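Q: Sharing a structure below in structure tokens format, with a few things to ask.
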Amino acid sequence: MLFNTSIIKKLQKSNLIGRGCNNFLVADKWLSVKNAGIKGDKFVVCNVSESEPGMFKDEYVLKNFSERVIDGIKIAMKFIRAKKGFIYLNPEYFKDFQDYLLPEISAQKVNIELYEKPLHDYVGGEETSLLNSMQGLRVEPRFKPPFPTTHGFFNQPTIINNCETFYAVSLINSGEYKNIKFYCLSGDEVDNSVKELPVNITIKKCLQEFGHKSSDKYFYQVGGGAAGFCYNYKQLNRAFAGNPSIIIYKKNRPEKDLILHWLQFFKNESCGKCLPCREGTYRLLKLLEKQYAGENQDQAVINDLIFTIQNTSFCGLGKVACNAVVSYWKNICPKK
Amino acid sequence: MSKKINLTINDHAYTAHNGETILDVALRENIDIPHLCKHPDLSIQAICRTCVVEVVKVRLGFKTQPSEIVTSCSTKVEEGMKIKTKSKDAERARIINLELIFSEHIEKCDTCIYQDNCIILKYAKIYNIQIARFPDRKKKYPIWQFSDSIQFDSSKCIDCRNCVEVCDKMQACKFYEVADRGVETIVKPVGAYCNTPLQHNIDSLQNDSNKFDCTYCGQCVVHCPVGAISGVPHWQKVEKLLTEKTNSSKILIAQIAPSIRVSIGEEFGLEPGKIMTGQLAASMKNLGFDYAFDVNLGADFTTYEEARELVNWLNSDKKRPMFTSCCPAWVKFVEFYYPKFISHLTTSNSPHMCSGPIIKTYFADYLKKDPRDIIIVSIMPCTSKKHEINLDTHKIDLGWCLERLDLPNLCHSGSNYHRQFFADTESRNKKLDSDFHQNDKKSIKIKSVDYVLTTREYAYLLHKHKIDLPNLKPQDLDLPLGIYSGAGAIYGTTGGVMESALRSTDYFFRVFDEVGSLEPVIKGENYQLKKKRFSKISQSRIEFKEVRGQKGIKTARVKVGNRKLNVAVINGLGNAKKFLDNLKQEPVRRSDNWLLKSGGGQKFDYVEVMACPGGCIGGGGQPIPTNSKIRDQRAAALYEIDKNLPIRTAHENPSVLEIYQKYFKGDEEFIEHILHSKFKQKEREGYTVMPS
């Protein structure tokens with residue numbers, strides 16, 4: 001009991017926010033699972049689905065701190081008295097890391113199972129899609145509420161956190177947490193790299209830390225290679241929103257390739273559940289393909305489509321599907 | 001008492017209950033918000049996104065209260081909420097979403113029986129939708145047909161998944177699945193291969209698709225908002241017969257099911273539960289049918305036989321319970337999913353499968369007509385009946401009848417009814433006989449019923465021929481097969497078959513106890529009259545209110561004769577599955593019976609199951625929309641009919657007794673042939689791909 005109250009107090013004091021992209025307080029989530037008032041087992045799931053382009057910090061964490069991650073899961077399991085935990089891995093990571101993780105799990109004597117996600121897909125990282133996948137159901141988001149904190153894995157209360165969150169939990173528990181987190185940098189003329197930097201850093205400062213000199217020659221996609229916003233070099237004095245990732249693009253990249261690439265991604269990754277995402281992303285892509293091929297298209301319809309996809313999609317994937325495109329036209333290269 | 005919540009919709013103040021959604025409140029207040037994937041029978045899906053509205057929620061402590069667009073079907077009301085259903089942004093998104101719906105739905109309005117009450121066409125008009133804004137994507141999508149009952153045209157499907165939900169959650173059949181992802185998502189029968197641009201194949205059920213089959217209940221049809229799933233049309237064939245009638249020797253007979261008289265009015269804008277028997281009789285004549293009969297009489301035969309079988313069953317060592325079998329979807333469900341219970345089904349035919357053979361034998365004699373020249377069209381609330389009429393076990397073997405009965409004119413000649421038919425009995429019999437011998441004494445099997453029209457199809461036919469049903473002058477149904485009892489009338493609702501059978505079982509048990517056998521019953525004697533209503537026999541009970549109501553599983557202990565029976569009444573195949581899974585075989589003294597695991601191990605003697613929610617009144621062929629309130633209204637009307645009838649039990653129906661006395665003459669084998677059928681375990685019948 002002493003342990004239980006102490007970890008939650010530590011988490012509250014650290015103000016730890018989940019390291020996925022939902023900005024939810026870890027202490028709050030854990031408490032609502034603990035107090036869910038539902039009979040039966042509780043579960044902990046560590047999410048290592050990491051499928052956004054430009055994101056590879058989870059891979060870095062697993063590679064370097066797998067024992068910390070498992071320790072974090074163990075703490076969570078102990079806190080909610082879960083008998084079982086899972087690590088949800090995308091197929092590549094499963095292949096690469098199962099030999100690291102399995103011995104570590106048995107060494108720490110904790111009941112954690114590795115779950116290999118069947119496809120390397122984007123929506124599979126969303127927490128309720130993840131649950132569906134683990135239950136052998138169709139991989140698509142569930143209707144919320146109820147939330148996984150009360151009705152998660154097989155409708156039992158479930159903690160789902162990103163793997164970096166568990167790493168941070170482990171640090172907090174042992175008093176080594178320094179309010180820093182991992183950032184990813186990739187793109188034109190740079191190698192993929194990961195750095196541990198303070199939590200509330202600005203984009204500009206982050207780029208400096210990575211040793212990149214921001215300039216007019218480039219533009220930057222911040223928050224993930226699919227859903228991130230595009231900023232020009234003058235707009236970097238702001239905090240990160242969403243994923244801690246920066247992708248550098250040379251400004252002379254052809255607009256058509258970029259736009260179609262982003263839209264293609266969301267069209268391919270849509271799970272097909274709700275209409276605006278399933279049909280809207282497809283129609284938007286087709287209209288723009290035609291437009292770039294020189295055909296005349298009604299700009300009002302394109303705008304309406306974007307508005308509808310952003311505002312009426314079922315889950316986050318649809319809502320962010322036009323972020324890159326819209327911010328590109330707004331900040332980098334106004335649409336002709 | 002739930003908390004009251006104050007909110008505004010389009011600047012008008014309303015109060016709502018805690019837990020209601022915006023759409024619930026709007027619909028109650030007659031504010032129309034388009035919605036396609038939301039059905040009151042199903043859980044909230046929130047995937048068609050056409051019900052979007054703009055909302056300002058009160059957030060304490062925040063200066064600005066931004067508006068957001070939400071789906072009204074899934075958003076619960078909150079105190080102080082300001083809802084705008086017609087704001088610029090809400091309409092902007094709604095219009096695009098409706099246009100996207102149209103891009104997934106190929107308009108085949110010419111051949112669609114929903115053309116007059118199509119929901120999406122209605123919205124298209126209201127919102128000035130450009131139907132062809134986006135080119136059709138599903139042109140080459142396949143059409144699947146399930147037996148002769150249900151057609152699924154996936155080129156009209158808008159992926160709302162109501163069919164998947166209803167087939168899985170409500171009917172426990174899991175015959176539909178969603179396969180592939182994104183824009184290639186397709187709803188299809190389990191295991192179907194489709195030659196569309198998809199190739200991911202992530203449908204998990206595909207490997208064991210043989211475990212799932214369609215029962216043809218048609219609930220997917222009534223829950224499909226856009227008519228992608230529909231009953232297999234028979235109306236063209238019937239229409240053709242009607243137009244060609246003048247130069248053919250065929251006699252066309254239509255018969256109406258118990259439940260359609262209280263629902264068909266809805267297709268003409270009337271309230272659910274309006275009783276239209278007289279107008280229906282008139283409409284059948286107007287369309288050109290020679291005779292208009294009532295399946296209620298057939299239902300009386302079913303009751304008579306089923307009650308007789310129940311008495312014999314309970315007097316024997318047979319395994320209990322006895323299940324009803326007048327719902328063909330339920331029968332298919334047992335034959336496919338629970339074959340171990342096949343021997344528990346009563347073999348008595350369903351009502352129109354009783355009246356059909358009686359028309360083609362007894363009434364054919366009466367008309368002195370070759371049974372093959374009689375065409376029977378049943379107007380049914382059901383898609384499964386379309387499948388039932390094709391079953392081999394339901395066909396009449398004319399050769400068998402001919403040899404056995406020597407088919408003379410058995411009918412009474414007292415009435416001068418229909419003297420215009422003077423076909424020569426002898427020549428008819430000769431022809432039948434020669435056909436029979438030419439066939440090398442093999443059987444000449446004919447269908448008991450030739451076509452089944454659903455309530456919707458029949459209404460469509462009337463609309464097409466400009467027959468305004470509500471304003472027709474009511475007529476009587478044709479004699480001698482038009483007389484029915486209240487027991488037949490209530491067949492259309494859940495609990496109706498049970499109640500009808502109990503009324504007669506009560507009487508039959510009294511007869512049995514007095515006489516020691518069911519001899520008078522088989523001979524069709526009105527024992528009550530014979531005993532001048534002073535013996536104990538005449539004290540039979542009429543109303544069994546404990547088996548009424550729309551609850552999914554009802555159980556009761558009822559007294560019939562001097563026995564107490566445990567009965568259960570079930571509607572919805574999902575509930576049936578629940579019930580069957582909870583039954584376990586008890587190795588008891590006399591015979592092995594099935595009892596409920598929970599509920600103190602209650603044993604059951606007699607169980608009624610209807611596949612559709614509420615019974616036939618909520619059937620797969622009924623007008624759309626249907627929901628629990630509408631089903632309640634339809635059911636209430638049926639009980640009203642029953643209450644007002646002079647004869648309320650099958651065993652007092654003079655038409656039934658006359659046929660037993662004068663036609664069957666106590667010949668049990670003959671009764672068996674005409675009014676009973678057999679069941680056997682079924683392999684998956686699945687689907688056939690139709691040319692699109």
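Think of each number as a place in line: the chain as shown, counted from 1.
The backbone N, Cα and C atoms fix where each Cβ goes, and this holds for glycine too.
According to TrEMBL, the protein has these features:
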DOMAIN    B:3-89  domain '2Fe-2S ferredoxin-type'
DOMAIN    B:148-178  domain '4Fe-4S ferredoxin-type'
DOMAIN    B:203-234  domain '4Fe-4S ferredoxin-type'
Q: Who are the chain neighbours of the domain '4Fe-4S ferredoxin-type' (B:203-234) in space, where the CB to CB distance is under 8 Å and they lie at least 6 residues beyond its ends?
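A: Contacts with the domain '4Fe-4S ferredoxin-type' (B:203-234): 36-37, 39, 41-42, 101, 105, 112-114, 118-120, 145-158, 160, 162-163, 165-167, 170-171, 173-180, 189-191, 328-330, 332-333, 336-337, 377, 382-384, 386-387, 451-454, 456-457, 573, 611-613, 618-622, 624-626, 682, 684-687.
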Q: Return the average pLDDT for the domain '4Fe-4S ferredoxin-type' (B:203-234) as a whole number.
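A: Mean model confidence (pLDDT) across the domain '4Fe-4S ferredoxin-type' (B:203-234) is 85.
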Q: Treating G and I as helix alongside H, and B as strand alongside E, what does DSSP give for the domain '4Fe-4S ferredoxin-type' (B:203-234) in helix, strand and coil?
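A: Grouping H, G, I as helix and E, B as strand yields 11 helix, 3 strand, 18 coil.
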Q: For a three-state summary based on DSSP, what are the helix, strand and coil counts in the domain '4Fe-4S ferredoxin-type' (B:148-178)?
A: 12 helix, 7 strand, 12 coil
